[in-house]
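J.: The annotation substrate binding site is assigned in Swiss-Prot to Ser9, Lys41, Thr73, Arg87. Annotated ATP binding site per Swiss-Prot: Ser9, Phe10, His17, Gly88, Leu89, Arg90, Glu98, Thr122, Ser123, Phe124, Ile125, Ser126, Ser127, Ser128, in sequence order. Summarising the annotation, Swiss-Prot assigns site 'Transition state stabilizer' to His17.
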Amino acid sequence: MRKAIFPGSFDPITLGHEDIIKRGIPLFDEIVIAIGVNAEKKYMFSLEERKRFIEETFKDEPKVSVITYEGLTIDLAKKQKAHFILRGLRNPADFEFEKAIAHTNRKLSKIETVFLLTAASTSFISSSIVRDVLRHGGEYEMLVPDAVRVKK
């Protein structure tokens, strides 16, 4: 079984995340969207809200499940018996950052990282940009799935 972990904080999930997941569905038998929890990080949306946004976005997709976790992604992948970590790349800076993590993960396990390039239409979107737009009362709706389109 080809099982992949798609990790992130998803604060909130964006159309870029959604695009990568949808394009990953034909590649894997199962995709586990793993919401990382970092006690030292301040989030705009609660863990419950972030999980609900993702579950609502993929409610009709049986190959997608959503979990939360603390600790190293590679440890979660092993625990979940996943052979792949799915990541999206928006730009060369993302690639350099993700490449170092992928090499480290490969040293620690047999788990492969699969990179998908973001679509040109979503490559400018990040959760931090969405949060900034929200904080300033801007129009954020075109950046996120329908499930997130609720003003804070």
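Cβ atoms here come from the backbone N, Cα and C positions, even for glycine.
Surface or core, plus neighbours and distances: that's what I need for these features.
T.: Under DSSP, Lys41 (substrate binding site) is assigned to coil, being neither helix nor strand in the three-state scheme.
Within 10 Å of the C-beta of Leu89 (ATP binding site) there are 18 other C-beta atoms, taking all protein chains into account. Secondary structure at Leu89 (ATP binding site), taken from DSSP and collapsed to helix, strand or coil, is strand.
Taking a C-beta cut-off of under 8 Å and a sequence gap of six or more, His17 (ATP binding site) has these contacts in its own chain: Phe6, Gly8, Phe10, Gly88.
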J.: For each of Lys41, Arg87, count the other CB atoms within 10 A of its CB; which of these binding-site residues has the top count?
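T.: Answer by Cβ density within 10 Å: Arg87.
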J.: May I ask you to report the DSSP-based helix, strand or coil state of Glu98 (ATP binding site)?
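T.: The three-state answer is helix.
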J.: Would you mind ranking the binding-site residues Ser123, Ser127 by how many other Cβ atoms sit within 10 Å of each Cβ and giving me the lowest?
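T.: Checked Ser123, Ser127; of these binding-site residues, fewest Cβ neighbours within 10 Å: Ser123.
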J.: With an 8 Å cut-off on Cβ-Cβ distance and a minimum sequence separation of at least 6, pull the same-chain contacts of Ser9 (substrate binding site), or say none.
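T.: Sequence-distant Cβ neighbours: Ile35, Gly36, Asn38, Lys41, Tyr43, Arg50, Ser127.
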J.: Give me the count of other Cβ atoms within 10 A of the Cβ belonging to Thr73 (substrate binding site).
T.: 21
J.: Counting other Cβ atoms within 10 Å of each residue's Cβ, which of the binding-site residues Glu98, Ile125 comes out lowest?
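T.: Sparsest of the binding-site residues Glu98, Ile125 by Cβ contacts within 10 Å: Glu98.
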